[in-house]
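According to TrEMBL, the protein has these features:
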type    : residues                                       : note
BINDING : G336, P337, N338, T339, G340, G341, K342, T343 : ATP binding site
COILED  : 531-601                                        : coiled coil
DOMAIN  : 726-801                                        : domain 'Smr'
Amino acid sequence: MNKKVLQTLEYDKIKSQLRGFLSTPVGRLEADKLHPETDVNIINYWLLETADGVLIDRLKGGIPLAKLADITPHLKRLNISASLSATELSEIGTVLRNTTAIANFFKQMADEIIGESLKVLPEQAEKLAILSDVTRQIEIAIDATGRINDEASFDLKSIRGKITGNEHAVKSKMQSYTRGKSAQYLSDPIITIRAERYVLPVKAEYRNQFGGVVHDQSQTGQTLYIEPQAVVELNNKLSELRVKEQAEEQHVLQILSSALEPYTNEIAQNVNILGHFDFVNAKARLAAQLDAMQPVVNIENHVDLQQAWHPLLDKKIAVANDITLGDQYKSIIITGPNTGGKTITIKTLGLLQLMAQSGLFITTKRPSTVGVFHEIFADIGDEQSIEQSLSTFSSHMANIISMIDDIDGNSLVIFDELGAGTDPAEGAALAIAILDKVASLGGYVIATTHYPELKLYGYNRPETLNASMVFDVETLKPTYQFLMGVPGQSNALAIAKRLGLGEDVIGAATALTDESDQDLNDMIIDLVTQRDAVKKNNAELELRLKTTAERSESLAEQQRKLDKERAQIVLEAKNEANHIVASTKKQAEQLISEIRKERLNVGQQAGSLSEQDLQVKKGQFDKLRQNDSLEKNKVLQKAKLAKALATGDEIVVKSYNQQGILVKQHSNGQWEVEMGILKMLVDEDDIVKTEATAKAQQVKTKQKRKKFVKTSTMTSAARGNASASLNLRGVRYEAALAELDRYLDTAVLANLGTVEIIHGKGTGALRKGVSEFLRSDRRVKSFHFASANAGGDGATIAELA
């Protein structure tokens with residue numbers, strides 16, 4: 001991309017804003033090198049980086065980078081086996097610690113939801129080299145300020161301990177001078193240091209009374225800094241220890257430098273990655289500051305900017321516009337008066353295109369598309385050159401001539417006031433010729449002009465569209481709204497009239513106006529009027545759509561609320577059902593217990609009690625079973641009825657408490673039900689599905705018919721296998737009656753007309769119990785003992801209803 005267009009479109013001002021978010025030398029270097037790219041794969045990768053950065057910045061506050069020093073010179077010194085200073089090692093340690101922290105940061109995000117949304121940055125973080133051992137060594141040996149810690153080595157800790165002890169001894173001896181009789185010879189009763197030795201400030205006139213070594217004097221010469229003779233040996237010892245301390249510190253630095261030397265390449269790679277993350281942070285924060293969006297890159301150079309504004313303008317006052325180029329039209333000619341926003345519109349297109357091709361988000365309110373132009377040329381503003389003694393027109397022409405030879409089908413050309421600065425007729429002709437030339441070279445053009453001749457150019461040239469900036473005649477101010485498809489209209493006469501110019505002058509001016517120009521202007525006014533009407537209709541439509549959407553959301557919210565309430569009702573019904581079942585179970589157990597107690601209490605009189613009373617107790621138990629079916633629970637009853645009934649379903653007719661099979665549904669809504677040998681019409685409210693049917697209906701629709709056939713076949717087989725005789729001999733009394741009850745159900749379903757119950761003769765208790773049971777059972781029409789040759793009163797023949 002040519003450097004001139006970057007300057008003309010103020011690309012460097014965007015980069016300047018970007019630099020304000022950077023905190024590392026490598027990040028700042030990347031920002032300095034940032035340029036528009038022409039490889040679509042690189043552009044898309046850069047945009048994905050920015051998108052990752054925006055997401056991390058929004059959810060995590062950005063990648064947590066520390067402020068890093070430039071350690072490149074340190075690494076170069078390590079490569080020649082030099083020993084680094086404590087400060088230099090501390091700066092490398094900061095980089096190493098930050099490397100570990102950033103690697104852990106991305107590992108933590110990988111376990112969170114955000115990790116699934118990040119596209120490219122986690123892969124870059126995986127390339128960070130974690131040097132745990134040398135990082136730990138530096139942390140132990142050197143603190144964040146660059147001071148070598150006592151724990152750096154055993155010898156260093158020992159030497160520093162001795163230094164501390166020696167210093168204490170020296171200070172104690174010196175304090176005997178500041179507090180004793182010698183204090184009168186001192187300028188101040190303090191202990192100070194000169195030439196790394198402890199001294200006292202002695203008045204010059206008492207030099208002979210105060211023995212010792214003079215190390216310095218004040219500027220006035222009135223104070224001498226003397227080391228008392230009594231502490232000379234102690235100071236000598238202290239100096240020796242300090243020399244040893246320096247030697248040991250150098251030894252520590254050499255060891256640490258040697259430990260780092262093999263890893264200079266890895267550290268340099270870490271520095272570059274961390275610096276790049278700093279750059280990504282900056283791109284993300286610039287996007288947040290500008291309220292910018294990620295564009296879609298189109299390799300066919302179809303540009304569609306939706307509600308775009310210039311990124312260097314305050315969004316609160318900037319007017320956003322739609323700008324489309326490259327799909328149906330390769331050239332846009334913006335006509336109309338100056339100061340209407342034409343220049344800022346074409347600059348917006350150019351700068352946003354440069355930003356997108358640099359991997360930066362662009363200032364649009366809605367998702368937008370950008371192209372991939374190999375070159376962008378711009379001729380904008382007053383290009384008068386004093387140095388070259390060129391006029392504005394000549395300067396523009398020189399600039400345009402330099403462009404022409406490099407324009408091709410991947411070029412975007414921006415002209416501002418094309419052909420201006422010379423005779424209007426010649427300027428208009430020249431502008432048309434230049435536009436034709438650029439079109440013949442395949443270039444994409446957006447140009448501004450105030451020449452009316454170019455309005456007709458937009459109508460007469462294919463792939464060329466007229467456009468204009470809206471001017472409010474009522475307020476006499478531009479609105480800065482970009483209007484595509486309509487050329488700019490002349491507002492001179494309307495403005496003059498609005499300002500109060502006489503009607504006679506306005507009429508005379510109108511008469512002098514070329515009729516074709518006036519017709520064109522009238523046509524433009526009609527187009528603007530139609531556009532305003534369409535815009536108004538669209539606004540009303542959008543309002544209706546918004547209202548409809550809000551109502552739809554409101555209804556959906558009400559539905560969600562109803563669903564929630566329904567679920568709560570069902571839950572409460574289930575709780576009620578559980579309570580009923582528990583209560584019923586308790587009553588049933590109590591009844592069974594009462595039966596057992598009564599039978600035990602009556603002893604030999606059981607025969608007179610067991611049959612009749614047992615049936616009474618059984619009737620009570622049946623009532624509990626009905627209660628257990630929760631027929632009175634209206635909520636569950638509705639829930640059951642909500643499940644559609646179908647032919648072939650196994651059901652229970654509630655009023656008869658009998659199982660049956662649905663045959664078909666009649667037009668009046670009633671169902672024909674087969675119960676044993678009976679067929680009858682039953683209301684749908686009187687039908688409850690059996691558990692087996694409910695489970696079967698959970699199978700997929702396509703399997704239902706097959707399942708029904710299989711079930712019907714099994715049922716038929718069961719009927720065919722039902723026995724016409726029940727042998728109760730040897731079965732205990734209570735168990736025998738229960739078995740008889742189950743047998744009669746099977747016999748009725750099997751359509752058996754007559755059955756035989758073999759109970760034996762014995763004591764006659766079981767025979768009597770069977771007789772009483774059959775007498776009170778509505779499933780039995782009549783019964784009698786078997787004939788003498790068929791068992792006599794040892795068997796009972798029952799005819800079923």
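Glycine is no exception: its Cβ is also placed from the backbone N, Cα and C atoms.
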What DSSP reports for the domain 'Smr' (726-801) is 35 helix, 19 strand, 22 coil
So of G336, G341, which of the binding-site residues has the fewest other Cβ atoms within 10 Å around its own Cβ?
G341
Any same-chain residues 6+ apart from G340 (ATP binding site) with CB under 8 Å of its CB? Would you list them in sequence order, or say none?
M469, V470, F471, P478, Y480, G488
Where T343 (ATP binding site) falls in three-state DSSP terms
helix
T343 (ATP binding site), number of other Cβ atoms within 10 Å:
18
Using DSSP with the three-state reduction, classify G336 (ATP binding site) as helix, strand or coil.
coil
Only counting partners 6 or more residues apart, tell me which same-chain residues put their Cβ under 8 Å from the Cβ of K342 (ATP binding site).
I334, G336, D416, T448, M469
